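Under the heading substrate binding site, Swiss-Prot lists Arg15, Lys75. Residues or ranges marked as active site, proton donor/acceptor by Swiss-Prot: His96, Asp270. Taken from Swiss-Prot, the feature NAD(+) binding site applies to Ser134, 178-179, Asp198, Ser220, 239-240, 267-270, Arg279, 298-301, supported by similarity to another entry.
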Amino acid sequence: MLVGIPTEIKNNEYRVAITPAGVAELTRRGHEVIIQAGAGEGSAISDRDFKAAGAEIVNTADQVWSEAELLLKVKEPIEPEYSRMRKGQTLFTYLHLAASKPCTDALLASGTTSIAYETVQTAEGALPLLAPMSEVAGRLSAQVGAYHLMRSYGGRGVLMGGVPGVAPAEVVVIGAGTAGYNAARVAAGMGAHVTVFDLNINTLRRVDGEFGGRIETRYSSSLELEEAVKKADLVIGAVLVPGAKAPKLVTNSTVAHMKPGAVLVDIAIDQGGCFEDSRPTTHDEPTFKVHDTIFYCVANMPGAVPRTSTFALTNSTMPYVLKLADKGWQAACASDSALAKGLSTHDGKLLSEAVAKDLDLPFTDAAQFLA
């Protein structure tokens, strides 16, 4: 199979969808790999590295898109890429379609077979291709929150860990999944007083046990969450409903009563965000103000640390990439129920029930294509 990897063109997206080790494994199995020149530079992987592993380096994105049978990306296609999508090609990438009707419409119009990293799900409910980037985004969220709390960047002028005689920052983390857990871990490591909210008592027990009570855990009720947010210096939203839009858990009226200079970091922005006022931002312009607070809603946070993110991501995606290349998408998905859950579109049909519900579009069960 011919596998293609274009350069990512989203704002400040420096990750790449494959490493030289992945190229070597694909070519060892008899597959061809073409990579757009410079695709790995942001992750400190040179064209020479890819070529030495067996890839062919091509000059343009158009050539990669037009020739590849299996196209690997990191982030969802954006408008300049819509016209390149085509029937007969399999696209394997993060999609987050519930938050993007234009991308969904473009995929359906093109007839492309698309499989979303973020909805590949095991029988136990694990999300193996979302987890590594959730770890990165969670850890980054505490760092960027601390950064924007500095007065010179519009924040309250609060140090996360405080100093002897001065209280540390109050940090509220909404959601104790992979991203929230990692956010809480780093924030607590910086010395902040951290409170984690979640609806799953067993998850809260795990957090409490692992941190020996150093992180406060609270069952998420509207009343208690609202009161905690109002008192917080930093709020990190890490809520996930796989494949669907994130629920809006922090309202504009609550934000209006927060401390001036408080910071809100919305990790869930890829899925529409979990704060009422959230809207996607970029690494170039990462923040905006609501009332007297600072919102940070960068939709590709891990793109800021591509050397770490690229290798973390591809360590998880490559087993699935190899299945798709070896068997084709139908046989691969028919033999792997986790991969099948990632199926999003095929031949103009929307195969994700959660996306169909959120965007009010017709849903088609993927099972009919896998029989």
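Cβ coordinates come from backbone N, Cα and C, glycine included.
Features recorded in Swiss-Prot, as mapped to the structure shown.
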residue	record	DSSP class
Arg15	substrate binding site	coil
Lys75	substrate binding site	coil
His96	active site, proton donor/acceptor	coil
Ser134	NAD(+) binding site	helix
Ala179	NAD(+) binding site	helix
Ser220	NAD(+) binding site	coil
Ala268	NAD(+) binding site	helix
Val298	NAD(+) binding site	strand
From recorded positions Arg15, Lys75, His96, the one whose Cα lies nearest Ala268 (NAD(+) binding site) | His96
Relative to the Cβ of Lys75 (substrate binding site), which residues of the same chain, six or more apart in sequence, are found under 8 Å away?
-> Glu8, Lys10, Glu13, Arg15, Thr93, Tyr94, Asn300, Gly303
Which has the fewest other CB atoms in a 10 Å radius around its CB: Ser220, Val298, Asn300, the listed binding-site residues?
-> Ser220
Fewest other C-beta atoms within 10 angstroms, as judged across Ala179, Leu240, Ala268, which are the binding-site residues = Leu240
Across all chains shown, how many C-beta atoms besides its own are within 10 angstroms of the C-beta of His96 (active site, proton donor/acceptor)?
-> 23
Cα-Cα separation of Val298 (NAD(+) binding site) and His96 (active site, proton donor/acceptor), in Å?
-> 14
Looking only at C-alpha atoms, tell me how far Ser134 (NAD(+) binding site) is from His96 (active site, proton donor/acceptor), rounded to the nearest Å.
-> 14
Proximal but sequence-remote residues of the same chain as Asp270 (NAD(+) binding site) (Cβ under 8 Å, at least 6 apart) = Tyr94, His96, Ala99, Glu118, Ala299
If you count the other CB atoms within 10 A of the CB of Ser134 (NAD(+) binding site), including all protein chains displayed, you should get 22
